[in-house]
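> Here it is, the structure, as structure tokens.
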Amino acid sequence: MADSSSPLPPLCERISHNSYLLRAVDLTILGLLFSLLLYRILHVNQNDTVWVVAFLCESCFSFVWLLITCIKWSPADYKTYPDRLDERVHDLPSVDMFVTTADPVREPPIIVVNTVLSLLAVNYPANKLACYVSDDGCSPLTYFSLKEASKFAKIWVPFCKKYNVNVRAPFMYFLNPPTATESSEFSKDWEMTKREYEKLSQKLEDATGRSHWLDPEDDFEAFSNTISNDHSTIVKVVWENKGGVGDEKEVPHVVYISREKRPNYFHHYKAGAMNFLVRVSGLMTNAPYMLNVDCDMYANEADVVRQAMCIFLQKSMNSNHCAFVQYPQDFYDSNADELTVLQLYLGRGIAGIQGPLYGGSGCFHTRRVMYGLSLDDLEDDGSLSSIATRKYLAEESLAREFGKSKEMVKSVVDALQRKSYLHNTLKDSLEAAQEVGHCHYEYQTSWGNTVINIGWLYDSTAEDVNTSIGIHSRGWTSSYILPDPPAFLGCMPQGGPEAMVQQRRWATGLLEVLFNKQSPLIGMFRRKIRFRQSMAYLYVFSWGLRSIPELFYCLLPAYCVLHNSALFPKGVYLGIIVTLVGMHCLYTLWEFMSLGFSVQSWYVSQSFGRIKTTCSWLFSILDIILKLLGISKTVFIVTKKTMPETKSGSGSEKSQGEVDCPNKDSGKFEFDGSLYFLPGTFIVLVNLAALAGCLVGLQRHGGGGSGLAEACGCILVVILFLPFLKGMFEKGKFGIPLSTLSKAAFLAVLFVVFSVGN
């Protein structure tokens, strides 16, 4: 426990990043948007329907910028001092680390293994850590990989701690050979450890697609005759740390779990897996804090657990109010510059209100909060109030809320009362763990319930933000840490089909929350969530809805050129548009370049921003409509994870943890025959047709008269959708399929005919 009476300096401090200049820029852009709207209102009688459509679109953009300005008004994050932790804390709390995977093909076991190894090697007492891997694919290959990885961990973990290795994911660490200044002992250990890792990698590669190692007499028997969506619960202790003293040579517990699945039971995707992880870990180790990491995001900072504990254990900031600590999601490839900028500026902004949103990975949770506690249920010292004790610890209430497992109920009581709950060995809990993994265990309980708020919440494929708003609505705060180097690093899907699938899933899940019981439109009036925090959630949840005004605005310049009508103000008032576009471009460019990104990176981000909004988020609206009408349910699609080939070089030279990729096709946009690419192709063809029509005099005679501004608007749209223009002339996976081109061309012809003839 922390010694709050000590005169020693604090474990962490809140850092504000207020900038009056940035506030002035935000307000100026907002003022220009409102000026444009006012101009359109004053001149609506002098223009046609296009003017009204433009007004509606720009009203949406103005509202979005109003939300952004509100979010970014008081940015903040936390700076931690993990080196002070041992001086202030005599007994560090335990942490259960969760890794989720669902498909051994789309999420190769070598990626999962590297993530697990990086977590096992963090700078934290091994007897205080346990790593639980949830395999929703029920793959014997994943289990085999974990068994082999646990053997290598007995070499890797001591090596990392002996030499204070910075990067603790082997695949990334071994990119660079040791320097000539290193000792001969280190070089010898380095070579030996690398050889062992290469053997591990080769074993996993050889095992992929084969079954000769699947001996039914061995402990793979549980995987016999199983398929991913129809199998019994499997819980296996891969490695148990029986030393228990925290020695640097010890390896934390490793547990493999796969919950029961049956075709006729809805399993709630990742949220269901997370709730099973909570139950199993509660039975085995019951740590007060839990780390949630995606299978492709390895721990890049050795002190990541200590940094989070600095937040939770700092009494002077009333740590009982902090429900979770969120790290930003950083990436070692070059496909996520936009997300990096978004997290820094908007992430810090939200963190300065009530705390950051839970982002699905790289987050430390408080177990008691995940069991449904509200801030009002605690006394000042963090203990349960008398009312909360009667409410939560009544025997009937516990069984109703958490299920009928007596062992599970006991672990919940111990967690709520902050008591330790340990078995002699992990294997003592296997039978109880099997029970809480049955697909019918949650029936008539409160697990995932959006009203009771126990565990990870259901009713959305975006289980992270759904759970997040449930926590903030109960009055809790959260904390944001942006360490250097980044705490976790992962990989993003390449620009193309996988990215479109991921963006659609995100947008759909967010819209689901907007229309369910967790909606910020309801919460801001009757829950304990702060008004500006509700505005932040509203901004995020409404991503998918932005696709409609953006799609229309991409088509309006072409329509106006062909229809010979005005879209933008004339004369001196055109300066509103020019100034607005110029300020926005310079502002966003500064945001990128201030983080060390290039102009090219900024352009790619702006381009992909328009592409994902009009091509991927658009389909999320259809998903929600079908769900609300009861026609179909939303589906969680696992995106493909890859471990890109990388060049040797110092990763520390890149501020955001990026790794250069030697592939000459890196950065190219990929296409396939899916409908995701139809809107973008249609937009490009329409704007090209408008420009061509302008040159050959195809425009409709009469009307308000389009001019150079509308033609420049068409050019700007084509520039933003340049990957589609290039795709028309490329072949293979980088070319737009003929079927998509044909459909888009047909729609473009109809659009031109409508525009000219209307």
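Every residue gets a Cβ built from N, Cα and C, even glycine.
TrEMBL: automatically predicted annotations, no manual curation.
When I checked TrEMBL for this same protein, it listed these features:
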- Asp136: active site (ACT_SITE)
- Asp464: active site (ACT_SITE)
- Glu107, Asp136: UDP-alpha-D-glucose binding site (BINDING)
- Lys270, Asp294: Mn(2+) binding site (BINDING)
- 20-39: transmembrane segment (TRANSMEM)
- 51-71: transmembrane segment (TRANSMEM)
- 571-590: transmembrane segment (TRANSMEM)
- 675-698: transmembrane segment (TRANSMEM)
- 704-722: transmembrane segment (TRANSMEM)
- 734-756: transmembrane segment (TRANSMEM)
> If we check Cα distances from Asp464 (active site), which of the recorded positions Glu107, Asp136, Lys270, Asp294 wins as closest?
Lys270
> Please report the distance from the Cα of Lys270 (Mn(2+) binding site) to the Cα of Asp136 (active site), rounded to the nearest angstrom.
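Cα-Cα, rounded: 8 Å.
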> Among the recorded stretches 20-39, 51-71, 571-590, 675-698, which has the greatest number of Cβ pairs closer than 8 Å to the transmembrane segment (734-756)?
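Of the candidates 20-39, 51-71, 571-590, 675-698, 675-698 scores highest.
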> At a C-beta cut-off of under 8 Å, are there same-chain residues at least 6 beyond the transmembrane segment (571-590) that contact it? List them, or none.
25, 28-29, 32-33, 35-36, 39, 599, 602, 605-606, 709
> For Glu107 (UDP-alpha-D-glucose binding site), which residues in the same chain are close in space, meaning a Cβ under 8 Å from its Cβ, but six or more apart along the sequence?
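The list for Glu107 (UDP-alpha-D-glucose binding site) reads Thr101, Cys295, Asp296, Val638, Lys640, Lys641, given in order along the sequence.
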> Do me a favour and check the Cα-Cα span between Asp136 (active site) and Asp294 (Mn(2+) binding site); whole Å is fine.
13
> What is the number of other Cβ atoms found within 10 Å of the Cβ of Lys270 (Mn(2+) binding site)?
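There are 22 such Cβ atoms around Lys270 (Mn(2+) binding site).
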> Among all protein chains shown, how many Cβ atoms are found within 10 Å of the Cβ of Asp464 (active site), not counting that one?
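I count 23 other Cβ atoms within 10 Å of it.
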> Give the one range among 20-39, 51-71, 704-722 whose Cβ atoms make the most pairs under 8 Å with those of the transmembrane segment (675-698).
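Highest pair count goes to 704-722.
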> Below 8 angstroms Cβ to Cβ, which residues of this chain, lying six or more residues outside the transmembrane segment (51-71), approach it?
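Cβ under 8 Å, 6 or more out: 23, 26-27, 29-30, 33-34, 36-37, 40-41, 43-44, 346, 349-350, 353, 532, 535-536, 538-539, 542, 545-546, 549-550, 552-553, 556, 566-567.
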> Just counting, how many other CB atoms are there within 10 A of the CB of Asp136 (active site)?
25
